[in-house]
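Trainee: What follows is a structure written as structure tokens; I'll ask about it next.
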Amino acid sequence: MENSVYLSEISNMNCTEENIALEHPIASSSNTPFQCSICYKSFPQNSILSKHLMSHSGEKPYQCTQCDKAFSQLSNLRTHLKRHDGEKPYQCNHCGKSFLQNCHLLKHHLKVHPGEKSYQCSQCSKAFTQENDLEIHTKSHTGDKPYQCNQCSKDFSYKSKLQRHMQMHTGEKSYQCSHCTKTFSREYSLNNHMKIHNEERPYQCNQCDNSFKEKQCLIDHYRTHTAEKPYKCNQCDSSFSRNDNLKIHLRTHTGKKPYPCNQCDKAFAGKKQLVSHCKTHTGERPYKCTQCDKAFAQKQNLVIHLRNHTGEKPYQCTQCDEAFTNNSTLLKHLRTHTGEKPYTCSQCNKSFSQIGILTIHLRTHTGEKPYQCSQCGMSFVHKQSLVLHNRAHTGNNLHHCQLCDKAFTSKYKLNMHHRTHTGEKPYQCSQCGKAYLHNSNLMSHIRKHTGQNTDGNHKVLETEDASTLTVPIVTYESKVKKDQMNNDRIEIDNLNLKFEVPEEHFDV
């Protein structure tokens, strides 16, 4: 009875509306807030209502080149063209009857074979017409992945997915674009690429002006409006708007990095990360800013950079008034409110709010210093430390004192120097009230009171209430000899430049 009522509801719809109704019967029959003011039909989405309104206005912008028929929707024109070819690609697996459109096949199943879903899933309420479909569905509950790649040990639920994955190792790309020289390993990928040439973006967002080549991209995009993050990590509190992002995130817990670079020994958790990294070898930066001379390896980085010129900060913190140019910076900022530190070191159990900080911290265990100066051979834990160090060689991007002719490689060092002009001494001893220009001087003074911490492995920090706090410090090994460090002034372009050991912490 329920099927017959539902079929009567969709009998007066066009095929596009039928597709939506058959795929989402609950949303189509009850939760339909968008109503046509002419015929009072209701629809689950505003974009579907907009397409429906063309049936009243008579607007038919899509013309068939083989006959004089015109259509209000591109999908209907494509279906019509199949009639000229005699193509009926959708076949019923019960009676063998073929149909021009999938919605006709689905409608046929409901009318002619309504009770044929005899294969019921024991884990949920889903039922299937074929035993093979049930077996495939069951793997979504069990997590069974019996097909393993012999190249990288990655596991797959289906043999077809393993076969597609193997093409990544063999480099086989048998599908070539007829418009350019690009080739693809899958026909699906080629079809998506072809949309770039014809600029077809059939999936329109009804909240903004964005449109997309694929339906799934539109679904993912909607979540930027709703802030929905249905994919939750079972290892920590992180959640994601896309399942792909969750899969990549889970590898931060397992340490799995299935995408190795063939130019160096680095490996990555996600394919996009690998593609981005490969551009560091080629130096390719195809996305150029029209406002300045900066260029970027990824289009999204250019989009974010342009907001520095426009002043646009679309990502607003709900806890305070701060706003940001990109979502990742907002997420990092939110952790300053929540105190969340989801990234834990496997060596010492320390936790961090950002994965970049964890990566840098791990180097204290491994001793890795990947950033080496090409001028003098010094190596650094942080990239920013190398950037600052290079200024000592080039004399570029120096911070000049307005009161004398000195210049410094960082703003922090310049601010420290300014105190010699202003007389400011912000580091005050809580025992006797003496104040000092530098924290190191206060630390030496504190030892006179306590007689402790004379090993040089601690430093004194000033707290909010002007008291002092003694904490461990991280020491940096240097290839520069001690007597060279004592001679800490270098003449560059007639500037008295103060050479410095980089700070311990930088924004990541």
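Placed from the backbone N, Cα and C atoms, the Cβ positions cover glycine too.
Curation does not apply to TrEMBL; its annotations are automatic.
Below, the features straight out of TrEMBL:
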- 34-61: domain 'C2H2-type' (DOMAIN)
- 90-118: domain 'C2H2-type' (DOMAIN)
- 119-146: domain 'C2H2-type' (DOMAIN)
- 147-174: domain 'C2H2-type' (DOMAIN)
- 175-202: domain 'C2H2-type' (DOMAIN)
- 203-230: domain 'C2H2-type' (DOMAIN)
- 231-258: domain 'C2H2-type' (DOMAIN)
- 259-286: domain 'C2H2-type' (DOMAIN)
- 287-314: domain 'C2H2-type' (DOMAIN)
- 343-370: domain 'C2H2-type' (DOMAIN)
- 371-398: domain 'C2H2-type' (DOMAIN)
- 399-426: domain 'C2H2-type' (DOMAIN)
Trainee: Please identify the stretch among 119-146, 175-202, 343-370, 399-426 with the greatest number of Cβ pairs below 8 Å relative to the domain 'C2H2-type' (231-258).
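Mentor: Highest pair count goes to 343-370.
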Trainee: Run through the domain 'C2H2-type' (259-286) and tell me, per DSSP, how many residues are helix, strand and coil.
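Mentor: Reading the DSSP string over the domain 'C2H2-type' (259-286) gives 12 helix, 4 strand, 12 coil.
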Trainee: For the domain 'C2H2-type' (231-258), what does DSSP give as the number of helix, strand and coil residues?
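Mentor: Result for the domain 'C2H2-type' (231-258), in helix, strand, coil order: 12 helix, 4 strand, 12 coil.
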